[in-house]
Amino acid sequence: MHDAHSPSRPAVSRRSPGLSGRVRVPGDKSVSHRSLMLGGLAAGRTRIRGLLSGEDVVNTGRAMAAMGANLSREGDEWVIEGTGNGCLLEPEGPLDFGNAGTGCRLTMGLAGVYDFETSFTGDASLTKRPMGRIFDPLRQMGVQVEAAEGDRLPARLRGPEVANPITYRVPMPSAQVKSAVLLAGLNAPGITTVIEPVATRDHTERMLAGFGASLEVETDGKGVRTIRLEGQGRLSGQTIDVPADPSSAAFPIVAALVTPGSDIVVENVLMNPTRIGLITTLCEMGGDISLIEEREAGGETMADLRVRASDLRAVTVPPERAPSMIDEYPVLAVAAAFAEGETVMDGIGELRVKESDRLAAVAAGLALNGVDHTEGEAALAVRGRPGGKGVGNPDGKRVETHLDHRIAMAFLVMGAASEHPVQVDDISIIATSFPDFADLMNGLGTAIEPTQVPE
Ligand SMILES: O=C(O)C1=C[C@@H](OP(=O)(O)O)[C@@H](O)[C@H](O)C1
Ligand SMILES: C=C(OP(=O)(O)O)C(=O)O
């Protein structure tokens with residue numbers, strides 16, 4: 001288990017002769033967090049199959065248990081006895097969310113408006129991330145906030161006796177902010193309205209409706225979404241099947257596309273339209289990805305994806321696509337490193353406030369591994385080297401991952417198709433979202449191995 005005191009675990013990824021086989025990546029992280037939260041809040045029993053067992057989600061489960069939910073495991077299923085609507089209990093100690101922005105921010109909304117005190121903390125990455133984006137609407141709802149300088153963690157929230165339902169226009173494209181306000185609205189009398197100028201992942205809206213909340217979503221001609229939620233309604237326990245996470249599937253998909261000779265199937269991938277920007281982009285680049293067995297279950301679409309090695313061409317990614325692939329830019333930059341021409345990604349300033357400053361971390365990793373690129377304030381251009389000639393680091397220098405799982409996984413994928421090995425300084429953080437990443441990838445044919453920490 002990774003924690004703040006875990007020693008770093010460096011690793012190397014060497015050129016692969018090609019990936020083959022079928023895999024199922026872990027359950028979707030966004031859906032997993034939300035199913036624990038709503039299951040923990042609802043009246044009655046929720047059963048969850050396919051829940052991600054990554055540390056981010058484990059921390060959400062612990063937080064819900066600290067507020068009165070009863071979680072247990074029955075075979076492959078997680079079973080939650082919810083506290084019942086409006087009945088969360090005051091946690092005895094601080095809620096530690098480790099590395100998880102989503103778990104922390106959504107729980108601040110869910111629990112912060114209760115008439116009790118909740119304290120939030122996290123690891124060295126999470127305590128650097130901006131929390132004002134959640135505190136601002138919560139303050140409007142009547143929550144008192146005491147936080148570290150710059151509205152960061154650790155923070156203490158105390159809700160009012162009765163929370164104000166608000167109308168809130170989300171100032172940045174963020175599903176976490178939208179969701180935090182909606183979850184807070186569950187405990188406010190009357191209608192809470194969230195206006196979302198740019199659509200982001202809609203799992204909170206879908207799942208709230210599935211648990212029986214009274215909620216309406218309207219989209220105008222310009223794509224602006226207005227979500228109205230009636231607070232203090234009744235949520236009842238549900239059965240949830242969590243599909244495979246498209247943000248995790250992205251790693252074997254890109255590895256197969258860039259490594260000659262590859263032919264793989266990634267099973268049961270969530271194909272929610274607010275999450276498939278990377279697949280669209282890779283197809284535009286000439287990636288051979290076919291959807292087999294597209295199907296519907298639990299209000300979501302899933303498909304098995306067959307992916308074959310392809311000669312990729314550079315594209316310009318439209319900025320309005322960013323929310324539907326926000327976590328996939330690091331691995332897209334790796335795909336671009338093997339594509340013919342210059343791939344341009346713009347409108348990606350939000351990458352600077354993820355687990356690391358992902359624009360800076362990706363640019364530094366590309367530089368270390370011989371890939372020509374330009375980093376802008378909110379943009380990245382990558383000039384590819386088809387065939388991977390000259391890519392990698394012959395001196396064994398390590399990419400700095402800055403407690404960021406996606407940086408670690410993206411550069412390990414790069415090593416599968418590069419001329420020289422690619423090394424990263426720490427793979428322990430990958431357990432936050434994709435336990436067993438290296439084993440799953442090596443089962444397909446990559447060569448990812450631990451290396452020694454120098455004395
Ligand atoms: O709502 C969610 O589940 C998430 C929203 C996104 O964050 P932002 O809302 O900060 O863009 C994404 O980066 C994160 O991995 C998961
Ligand atoms: C940004 C991410 O997660 P979070 O914000 O939940 O830490 C991610 O998983 O890429």
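Cβ atoms are placed via backbone N, Cα and C, with glycine included.
The model shown is predicted, which means the values in this text are computed figures rather than measured ones.
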Site co-member for 3-phosphoshikimate according to TrEMBL, given Lys29, Ser30, Arg34, Ser174, Gln176, Lys354, out of Asp136, Asp151, Asp327, Asp372: Asp327
Tertiary contacts of the region 'Disordered' (1-30), as residues 6+ beyond its ends and Cβ separation under 8 Å: 50-57, 98-99, 102, 123-124, 175, 201, 203, 242-249, 251-252, 255-256, 259-270, 309, 388, 396, 398, 411-419, 421-429, 431-435, 438, 440, 443-453
Maximum Cα-Cα separation (Å), residues Lys29, Ser30, Arg34, Ser174, Gln176, Asp327, Lys354 listed as binding 3-phosphoshikimate: 19
Proximal residue to Lys29 (phosphoenolpyruvate binding site) among binding-site residues Ser174, Asp327, Lys354 (C-alpha distance): Asp327
Binding-site residues listed as Lys29, Arg34, Lys354, Arg358, Arg406, least Cβ neighbours within 10 Å: Lys354
Candidates Ser30, Ser174: member of the binding-site residues with the richest Cβ shell (10 Å): Ser30
Spatial neighbours, same chain, of Asp327 (3-phosphoshikimate binding site) - Cβ under 8 Å, 6+ residues apart: Ser247, Ala250, Lys354, Arg406
